[in-house]
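Undergrad: Below are the features I grabbed from TrEMBL:
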type: TRANSMEM; residues: 20-45; note: transmembrane segment
type: TRANSMEM; residues: 65-89; note: transmembrane segment
type: TRANSMEM; residues: 110-130; note: transmembrane segment
type: TRANSMEM; residues: 156-181; note: transmembrane segment
type: TRANSMEM; residues: 202-225; note: transmembrane segment
type: TRANSMEM; residues: 259-281; note: transmembrane segment
type: REGION; residues: 350-386; note: region 'Disordered'
type: COMPBIAS; residues: 354-372; note: compositional bias 'Low complexity'
type: REGION; residues: 449-478; note: region 'Disordered'
type: COMPBIAS; residues: 453-462; note: compositional bias 'Polar residues'
type: COMPBIAS; residues: 465-475; note: compositional bias 'Pro residues'
């Protein structure tokens, strides 16, 4: 236990130092981005010499230096949020209600409030840098009636400040929707500078596009509701409103090219500051990890492979190989059982019903096809790894043991439309159920009547009740539910039936397409590396394993890979599992998690082909089941 805690503390310390290094580089890049912003804000096509002179004097002014200090504070806070919110497993809400709950979570509300404040600070620095009519919130003006000079509200300065708050909230909101804090790993490792140089044009493009979208949306919002903050701030700060100027919450006031131009470049500067911090954090934190190191070095390093195949002294035991293969097989078996549990929940009609009757018919037909497609599969050895539900699997080993990164099926458990199958999937199982404890997959045992299903539930699902010989005897009279419990259950069913007829309720609680499939494979990058590392080591053992340590576990490895392949193939027959997500135009949110299931299937088949092409007909001497041998023969004949 001590070594585990010590290892977790060491990993956390490494990540913190990498985050500090990324923040330091972000701070060093601030003068460069600020200089570019100054050049664009004071741009003058017809007076280039004066333009360069004004920009040079402005860059050395005290106001610019003070703005850089404020921007450094913004970068530090942004880097802290990157370290606190980053995740290796994306959070995928399976319904709109789950997404709404994530956005309205108190932790997310604090995040949004802080980013709104930082957006206003950056826009204040931008308005001071631009100068002119944007420099201060209060400006002297002359009253038309009395003629005296008073302090009036500078609506141009207020416009930029409110735009900064709006962009800050937009960044925080998109961070949730687009999983901006999800950190993925590149298939090909690069040094920091080449990777930064390759990603920089994309970051600049995303900053400009997002700034234009935000400027358009804020201008429309200010047109309808701009008078509210303007009136409140003027009355709070005792500032007059200059009636001689055109108000900005009007069509003629917003159709100001100079205003829209400065709003756009200020927004681009704001997003570029944040996006560069996010990019540098991703580059520093995604350096070599354990499984990634295994996947790469097992393919390219002969000396490291020989260390794996060697025997420990004294005793002559293959501890290195047993530890590596055991961890990889445990990881792959966990994914297999997770897929099996999900397939059983879908086959048991454990999904939220659609709004229309046609959707119900399609769901029922797809579920029945999954069941019928798994009834004639022969028996295979039972997997020995206990079931780990998505809620228990997705824990942060770096950000703390108590922080749940994602729990894809959790939002549907408390839903009034969740079924018993979904509750069994997330761990709320009946202790008397045959599924309590270890999991029997659809391809491990022949399906018979579900003994844990009540006869009324079977009839409501459209399946015939079990025969008297297979249905367990009713419980004793002392175990029957009381009248009050039965009455409460009936009232609950009536409420569920009433809410299910409401379109808005169903819209919020219905599952999002592909969400469940994406959530199942959300952490599959580790499984891909395990497949690559294990297959490379097994293939290399054909000529490099002098002691035959790999041969002792080769049957288990082949069986594990074939069972996982069967589970993956069944999953891709489910609705929305094989549909590819729509590509976004430009976003800093990493969307690679949406295609991880396709990458895992390709990596799994590649791993099996790597082994079969290396061993060839020698695999006939391996002690595996007949069904697995037939499936491997398909790979030997290149029919997969």
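Quick reminder: no glycine exception, Cβ is built from N, Cα and C everywhere.
Automatic, uncurated: that is what TrEMBL annotation is.
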Undergrad: Check the transmembrane segment (156-181) against each of 20-45, 65-89, 110-130, 202-225, 259-281 and return whichever range has the most CB pairs under 8 Å.
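TA: Ranked by Cβ pairs under 8 Å, first place goes to 110-130.
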Undergrad: So if I exclude everything within five residues of the ends of the transmembrane segment (202-225), which remaining residues of that chain have a CB under 8 angstroms from its CBs? That is, six or more out.
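TA: Counting only partners 6 or more residues beyond its ends, the transmembrane segment (202-225) has Cβ contacts under 8 Å with 159, 162-163, 166-167, 170, 248-251, 254, 260, 263-268, 270-272, 275-276, 279, 585-588.
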Undergrad: Quick test of the contact rule: Cβ under 8 Å, at least six residues beyond the ends. What residues does that give for the transmembrane segment (65-89)?
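TA: Sequence-remote neighbours of the transmembrane segment (65-89) are 15-16, 19-20, 22-23, 26-27, 30-31, 34, 111, 114, 118, 121-122, 124-125, 128-129, 175, 181-183, 273-274, 277-278, 281, 285, 394, 396, 398-399, 405-406, 522-523, 525.
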